[in-house]
Amino acid sequence: MDIYDTQTLGVVVFGGFMVVSAIGIFLVSTFSMKETSYEEALANQRKEMAKTHHQKVEKKKKEKTVEKKGKTKKKEEKPNGKIPDHDPAPNVTVLLREPVRAPAVAVAPTPVQPPIIVAPVATVPAMPQEKLASSPKDKKKKEKKVAKVEPAVSSVVNSIQVLTSKAAILETAPKEVPMVVVPPVGAKGNTPATGTTQGKKAEGTQNQSKKAEGAPNQGRKAEGTPNQGKKTEGTPNQGKKAEGTPNQGKKAEGTPNQGKKAEGAQNQGKKVDTTPNQGKKVEGAPTQGRKAEGAQNQAKKVEGAQNQGKKAEGAQNQGKKGEGAQNQGKKAEGAQNQGKKAEGAQNQGKKAEGAQNQGKKAEGAQNQGKKAEGAQNQGKKAEGAQNQGKKVEGAQNQGKKAEGAQNQGKKAEGAQNQGKKAEGAQNQGKKAEGAQNQGKKAEGAQNQGKKAEGAQNQGKKAEGAQNQGKKVEGAQNQGKKAEGAQNQGKKAEGAQNQGKKAEGAQNQGQKGEGAQNQGKKTEGAQGKKAERSPNQGKKGEGAPIQGKKADSVANQGTKVEGITNQGKKAEGSPSEGKKAEGSPNQGKKADAAANQGKKTESASVQGRNTDVAQSPEAPKQEAPAKKKSGSKKKGEPGPPDADGPLYLPYKTLVSTVGSMVFNEGEAQRLIEILSEKAGIIQDTWHKATQKGDPVAILKRQLEEKEKLLATEQEDAAVAKSKLRELNKEMAAEKAKAAAGEAKVKKQLVAREQEITAVQARMQASYREHVKEVQQLQGKIRTLQEQLENGPNTQLARLQQENSILRDALNQATSQVESKQNAELAKLRQELSKVSKELVEKSEAVRQDEQQRKALEAKAAAFEKQVLQLQASHRESEEALQKRLDEVSRELCHTQSSHASLRADAEKAQEQQQQMAELHSKLQSSEAEVRSKCEELSGLHGQLQEARAENSQLTERIRSIEALLEAGQARDAQDVQASQAEADQQQTRLKELESQVSGLEKEAIELREAVEQQKVKNNDLREKNWKAMEALATAEQACKEKLLSLTQAKEESEKQLCLIEAQTMEALLALLPELSVLAQQNYTEWLQDLKEKGPTLLKHPPAPAEPSSDLASKLREAEETQSTLQAECDQYRSILAETEGMLRDLQKSVEEEEQVWRAKVGAAEEELQKSRVTVKHLEEIVEKLKGELESSDQVREHTSHLEAELEKHMAAASAECQNYAKEVAGLRQLLLESQSQLDAAKSEAQKQSDELALVRQQLSEMKSHVEDGDIAGAPASSPEAPPAEQDPVQLKTQLEWTEAILEDEQTQRQKLTAEFEEAQTSACRLQEELEKLRTAGPLESSETEEASQLKERLEKEKKLTSDLGRAATRLQELLKTTQEQLAREKDTVKKLQEQLEKAEDGSSSKEGTSV
């Protein structure tokens, strides 16, 4: 029994009420004074009810919050007790990475130059033992001090996600940010250089990327578990690499520099106290940070010019590249920043594993830019030798690399430093979102130092000038970065190179996996990093330079071969992130190929931009640049294939042909080729139309097969239409089912409301009963008092009253119980009915789905049959073509023998033609004679009829006169009075008789003219039937074209609507600020997006997409747009051809209209004349009526005449009106068809434009979905669910757009049907127009008419042939577009599958997190 069921609760409440009422009655009957026990029972009852209600509410809340708790819930490991909470410092960034670290704080000065927009940064509570770092000026004072820190507990931050996988870097200028640095617990005093330095953080555990080796990208490192940042849930992440052990860049930043790196663990700078820490890198011997203090140490790289280490120290070194937004080290913090590049595997910062990674490449997440911020970054790479930053000291060090462009950190200041490399779009580390961080940037593809070495790899960075390996040779050169213990190449000391960073994700280091990681970058060439290669890009000596990384184009080493310094890397580009902005940006840094070297995959490597090292800043590096270009040339593709066509000059060809010997077949073939080239077409080949011509037989067979194919295609179309109808029915039934479900739900809600109302009533009645019980208790008390004081009579009376009240109570309770039971029974019955209806509807829906699947299977079978038929048709065509070739060869052989026969045949044909013309003339003359004889016989008959009518009229007039005389006799008395009037009437009658006779003659003439016109019309109709048939064929061709255009329009509109919806939803999901604009039209919305795009990209919200990815996608979209534009041009040319044909047709129609307008005008003039005469006759008849009112007989006679005249005139006027109406209708139809054609053309152009947009948006959607699949997985924190809901939203949007497209398809089918009906009516009207042409007076000879008709027929045949060709072209284009649409549908299906996989992954994550 379910306690929370409403029915059971109601029963429980009711039962409780009954129990309470029974107790009350019992108390009343026994007159007990146990009021307190009764009240306690009521209180207990209420408490129980409150508990059950509270439990129900709590359970609902728990069910709602389970998912959230499952995502946010994390187990805290607190071996040393809880850490006291402190207010976090405002500028402290947190990088959750390594297990069990105690936090120590090192704060760097934060001079801010330009305004900065910082993404929200999670803060870490500071420990009580933490000490603030001193300024860089105090370095000398605190050089060798070692701060001891008590061990702290791992759970510094339980479930803070420092940066989501899509965190945006929103800096407009670089800025230094104080970092929270945590030394490792129990770190020893002097960690040997080759020992387990902090860089080795998980040396044997395989670098951070391997950290979840099969769980590919580092960001997903423990996919279902808190990301690497949370690397053991709240144990300061390795990114905190000893939570803010100031990165190597800060290496001796204040004092808790890298030396302080593990404050109690002897700073990494002191990393073997005897071996001056890399941070201090032989502090007195100028530390690598100060790498040649007097020589402008690399850190100071031109001290006032912002050394590369400080890379615009106030402007935030490259390390801080994405300052609050998590520097390049944090490059893709979810993807695990470049600093963590192989965090446990010895990050590139640990590049000198014992010697402290190169700046711990983003030690506190300080990116490669900070690569050795105090140590000074890789740019300082040849410090005393004028480090690469100083690459020509006066030429502005690499930090200044483009002085106005501010150091590498500022790589293109406005473009946001390399950290910002993809401006809000995931710093360089995220560059290929955890799939290739900048460390991997081109792991062997020339580390950042080399990034535009100028053409000299970082190892040789100042080749003769102490390469980075020799960086400060006595001071443990950074090249020896692992003092010989692990060269930067071994960056992940054998613990899977940085390249293996996300082993399953193919890290950039593995880019040339067999080419051994960047460290091994030429393993033995430790100092010279690729001494033999010579560029570090040649990463795996035997493997083509990483820049070529399989690109065979050019390695990143030559990244800007002649644009030496990294700052200038793409000086006009600008930022390295934008490294070749026109080409896929470094963020995508080998988007498809994964290597940074492929940075400009389709646009060849940026390094190739100038094959010669032209930079004035690195004159010493020209020779190695040439070597690199040489190595590049080796990998370049060879000469074109030998299979291509060979082009010879004319003279050599003539000489070779003259010297050769041919057989007959070869000579014939040469003749054919030459004749085709010269445009010689031998008409005689095509005149072999005798009965036994095999070509004609084959053509007939081909036509028959084509007819069979057409019938089968029609059957397939019928099956498809049936399928569409069934799909429509399915949609309707689904809508009905949904409506039914909604109704049932509404009913259920109403029932629940009724149940709650019943419960409320029960509670109210319960309260009333309680009140009554209380009243009764009061009465009982009074009665008891009276009993104590009063007599026995009162007691008896009171007992009677008590019994009466008890009976009333029992009755009331029984009535209430019966009512409630009845209501509950009704509600249960209704619920059972509703559930049955739901089950029936669900079964019906399942049956419909089964039917639909069966029909789809049938449709697939039909399509297979059609494909088979098409294949057989192609085979037959090939066989026919072979046969035709054979026949043509035979004709060529027999051509010479038939030369004489041709002349005779031509003469005979001319004679036959002359005979045929004479014969046709004879026939036409005979037909004319016959027609004239018929006309004469008709005229004779008409004359006889006219004479008979005349005699009848005379007899009638005589009878009228006799009647008049009789009337005069009767009115003999009135003769005297009316004699004068009778004389007048007689005179008038005579006049009328004469007029009537004249009218009769005119009527006879009109009848003759009408009959003549009818005869002529019949003749002309017969003649024009043939012309109309030709016009009909032309119209059918036009119809087919229009149908094909409408179909293409429908398909393109479907795609357009679908992709508009998808792109709008995707862009709205990515840029929620555009949600207000989404209500506009799509074109207006795109314009607004273009206008607001730059501002949104400059100032995007925290979870914005990577601008580098978007830029690369835009470039790809531009390329696809260019290809689609070419297709659009083809479509336009074809449409132009069809327009020309339609204009020719229109001109011919207009000419015919003008001819018939003239004829109709003449007919109208005749009609007007006849109308004038009719009006005149009507006037006369009216006069006659007025005069003959006295005599009824005269009236009858005149009315009869009027009726006959009216009949004749009405017939004539009706015919003229019909002709006029038909002509007007034809004009309207022609105008409508023309407007429809223009609309179809405009729509086709729109569709071609919209197809380009659609494909562009599809590519963007694909990339967005792929990025969402890669980057959305690690977001297991509370911020992750919105990212995981995007795929579900996209899926629902796809289904919604598909339903809309089906509706639009049905509407278009209706429109096409209406259009066909309109075309059939136009055909009919044109036929009537032809009849009208015949109606006019054609007095010219019939031979001239026949010649005109022949000319028109020939023109129409030409037009139909041209239209047929255009139709075939359009059909081919339609096929190509259909194939493209099918491909795009496949891509949409793939996207849906990916979305489903992403949903499955998110559900599995929720399960594991719970």
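Heads up, the Cβ atoms here are built off N, Cα and C, so glycines get one too.
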Say a student had to find the phosphoserine annotation in Swiss-Prot: which of Ser37, Ser1242, Ser1276 would be the correct pick?
Ser1276
Phosphothreonine per Swiss-Prot (candidates: Thr225, Thr275):
Thr225
Look up region 'Disordered' in Swiss-Prot and report which of 129-152, 777-800 it refers to.
129-152
Which residue from Ser896, Ser931, Ser978, Ser1107 is recorded in Swiss-Prot as phosphoserine?
Ser978
State the mean pLDDT for the repeat '28' (467-476).
38
Summarise the region 'Disordered' (895-925) as counts of helix, strand and coil residues per DSSP.
28 helix, 0 strand, 3 coil
